[in-house]
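*Asks:* As annotated in TrEMBL:
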TRANSMEM  68-86  transmembrane segment
BINDING   G74, V77, N81, N339, L468, S472  Na(+) binding site
TRANSMEM  98-119  transmembrane segment
TRANSMEM  146-168  transmembrane segment
TRANSMEM  228-246  transmembrane segment
TRANSMEM  253-272  transmembrane segment
TRANSMEM  300-321  transmembrane segment
TRANSMEM  333-354  transmembrane segment
TRANSMEM  456-482  transmembrane segment
TRANSMEM  494-513  transmembrane segment
TRANSMEM  525-546  transmembrane segment
TRANSMEM  567-592  transmembrane segment
TRANSMEM  612-637  transmembrane segment
Amino acid sequence: MPKNSKVTQREQSHEHVTESVADLLAHEEPIDYKSSALNVGGAAGKKVPQIEVPENDGRPAWNSKLQYILAQVGFSVGLGNVWRFPYLCQKNGGGAYLVPYFILLLIIGIPLFFLELAVGQKIRRGSIGVWNYVCPSLGGIGMSSLMVCGFVGLYYNVIIGWSIFYFFQSFQYPLPWSDCPIRKNGTLAIVEPECEKSSATTYFWYRQTLNTTSTIAESGGLNIKMTLSLLVAWIIVCLAVIRGIASSGKVMYFSSLFPYVVLFCFLVRGLMLKGSVDGIAHMFTPKLEKMLEPQVWREAATQVFFALGLGFGGVIAFSSYNKIDNNCHFDAVLVSVINFLTSILATLVVFAVLGFKANIMNEKCVVDNAEKILGYLNSNVLSHDLIPPHVNFSHLSTSDYAEMYGVIKTIKEGSFTQLGLEPCLLEDELNKAVQGTGLAFIAFTEAMTHFPASPFWSVMFFFMLINLGLGSMIGTMTGITTPVLDTYKVQKELFTVCCCVVAFLCGLLFVQRSGNYYVTMFDDYSAGLPLTVVVILENVSVAWIYGTKRFMQDLEDMLGFRPYKIYFYLWKYVSPLCLIVLISATVIEMAISPPGYNAWVQELAHERFQSYPPWALAMCFSLIVVAMLPLPIVFIARRFNLMSDGSNKLSVSYRKTMMKDISNLEEQDEARFILGAKPGEAPLSPPGVTAAQRTPTTALLMPQNCM
């Protein structure tokens, strides 16, 4: 409020608040928007006030715009950008996949991201408070969002714990996953059979890190190493969140920027490796026919959806600490573009390194099969006449082996399969798509064992994963704590510590020896469908229940300019339609695909798909039901007046500031402050207040037809 306004002058004079106002604040009576003149959806003829949002309402605020942008970038840019996007890009047509992804980013990602930023910044509350204000009947949106945040936070921090374990294991030379362990049997020393059948990095992951069981039904007890790593992860997250945005914002300076330093270092180092160009060329070679497959568009939409963190509540929570006139449209575009470019950068890094690994593995394949051929030549199984004269077995190139392989396959067509020779094609190695833990903890770690100074690069890589995970985890926890602290009177430090302790205890499920299978279960079922439903209800509540035209006008009042007309059509028609198609495709995919998981079979030393037992199947679907349960419960409870209307409660700091301003106005100013000149007319602004600063608190409150 301007320094020369009468409200400010009265505050500086230390005049006492009137007795009636003091009584109001003491009793903390909720303001009923339905029966009062504050109802923006009231009947015609009622006087509709417009109350200015107090800038100093006691709510924490970001120290700078940069700090806020880094927090949003840190939340949206996570582990999925490094190990999910490159996999989808390879699987769905290479460079051709970027076309549907970018299109869906423009028509779904940026508009919905802008919508969440706007409502959070306008109402200055967490997800529960925001959707209670917009439409109390759909107040369950915020609660479902909080539930999903809780489920995701439980297993996401386990992945950070795995990264912490690998980080500390990296301070060794050679790296502990470089070679298979040797088992002594009396005087004989033999290679561990499980490792010999798979690989050193695979063995280290499944046996020495997870010590996993062969089925989800065998718990195997707690894995002490992983339990301690999870405890460290939760302590770090708790300390970052408990200090609030002032502290977590400073953490974001490092956790958001450091991954880019590491990615650029890996890109430069990767481009210097033999075969890196092969990997990048394979990655971006477009397979245009893939663009016609519906599955590609579904997976692109899902990736856009989760890459920006839509529906989690973290976006709304972070934006609620902004100034009311902050340009959130610019923020939405900027963060979305940074997210997209980060995915491209990570893809370049991943496939430069995997191209190097593919060349190493291909050369090893050539050497192994050349030894087989030499054995067949020495035992007269093959004739020396089959070998081209220019072939030198001591310096055998991949092209020479390919020529020799082709000749033998042609001549020995009938008995060729019995020879057990492999084609050793670089393309086959590059086509071995890996994602998630398989990429980070197996494929990438194996590639780094061939780097010069491999421990240094391993430390950098896993420290980067820790920072990426922490940025997203802080946003997820903020999506839990902010709505609760805004809605209920609880001590922040105590509540945060309790959340972390409960989460750690629940997280023990994931650090059993079978815990990896539960991580897969939660990743597949706890977030996908519930979050999609949450976001489409967010979209519908603003665009159809509150009204897109009214929302566009509110944005103009808040930002000082009217957003592009295209947003009107995207919010009202395009985004809801795309989300409905996405939900339908997700349900169909879940119905068609048999629910199961890839179990590590110790005797066979490889993964095998197994169906979930009945109890685990019930657990899968209970995750979906529990996450979505607040939606119908809140709707029914408020429909039949079984639950108090969440829209009728303002935060204590908000109400105190508002009532203090009203009590200090003179009678003429108070009448002008509360009543417009005409029904529905905007308020008169104090001297010096621009249109961008004239921001009604009730602009996003529940319309009358919502209930």
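Including glycine, each Cβ sits where the backbone N, Cα and C put it.
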*Asks:* Take the Cβ of N81 (Na(+) binding site) and count every other Cβ within 10 Å, whichever protein chain it belongs to.
*Replies:* 24
*Asks:* Which number gives the other C-beta atoms within 10 angstroms of the C-beta of V77 (Na(+) binding site), all protein chains shown included?
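*Replies:* V77 (Na(+) binding site) is surrounded by 26 other Cβ atoms within 10 Å.
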*Asks:* Around L468 (Na(+) binding site), which residues of its chain at least 6 apart sit with Cβ under 8 Å of its Cβ?
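*Replies:* V77, G78, L79, N81, V82, S255, P259 - these are the non-local Cβ neighbours of L468 (Na(+) binding site), listed in sequence order.
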*Asks:* Taking the centroid of the Cβ atoms of G74, V77, N81, N339, L468, S472 as the Na(+) site, which other residues of that chain lie with their Cβ within 8 Å of it, listed in sequence order?
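*Replies:* Filtered neighbour residues, in order: V73, F75, S76, G78, L79, G80, S256, P259, T342, G471.
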*Asks:* Any chance the transmembrane segment (146-168) and the transmembrane segment (525-546) are in contact, meaning at least three CB pairs closer than 8 A with a sequence separation of 6+?
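*Replies:* Contact between the transmembrane segment (146-168) and the transmembrane segment (525-546): present.
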*Asks:* Among the recorded stretches 68-86, 525-546, 612-637, which has the greatest number of Cβ pairs closer than 8 Å to the transmembrane segment (300-321)?
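*Replies:* Selected stretch: 68-86, with the most Cβ pairs under 8 Å.
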*Asks:* Which residue among the binding-site residues N339, S472 has the fewest other Cβ atoms within 10 Å of its Cβ, if you could check?
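*Replies:* So among N339, S472, the binding-site residues given, the one with the fewest Cβ atoms within 10 Å is N339.
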*Asks:* As a test: from 68-86, 98-119, 228-246, 567-592, pick the stretch that has the greatest number of Cβ pairs under 8 Å with the transmembrane segment (494-513).
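*Replies:* Highest pair count goes to 228-246.
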*Asks:* Note down the number of other Cβ atoms within 10 Å of the Cβ of G74 (Na(+) binding site), including every protein chain shown.
*Replies:* 29
*Asks:* Considering pairs 6 or more residues apart, do the transmembrane segment (98-119) and the transmembrane segment (612-637) have at least three CB pairs under 8 Å?
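*Replies:* Since fewer than 3 Cβ pairs under 8 Å link them, the transmembrane segment (98-119) and the transmembrane segment (612-637) do not come into contact.
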*Asks:* Which bits of the chain, at least 6 residues beyond where the transmembrane segment (525-546) starts or stops, bring a Cβ under 8 A of a Cβ in it?
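*Replies:* Non-local partners: 112, 115-116, 119, 131, 134-135, 138, 141, 144-145, 147-148, 151-152, 155, 302, 305-306, 310-312, 571-572, 575-576, 579-580, 582-583, 586-587, 590, 620-621, 623-624, 627-628, 631, 700, 703, 705-706.
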*Asks:* Counting Cβ pairs under 8 Å to the transmembrane segment (333-354), which of 228-246, 253-272, 567-592, 612-637 comes out on top?
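*Replies:* Answer, by Cβ pair count: 253-272.
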*Asks:* Taking 228-246, 456-482, 567-592, 612-637 as candidates, which has the most Cβ pairs under 8 Å with the transmembrane segment (253-272)?
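*Replies:* Most Cβ pairs under 8 Å with the transmembrane segment (253-272) come from 456-482.
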*Asks:* Other than its close neighbours in sequence, what residues sit by the transmembrane segment (567-592), given a CB gap under 8 Å and a spacing of at least six beyond its ends?
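*Replies:* Non-local partners: 104, 107-108, 111-112, 114-115, 294, 298, 301-302, 305, 528-529, 532-533, 535-536, 539-540, 542-544, 548-549, 551-552.
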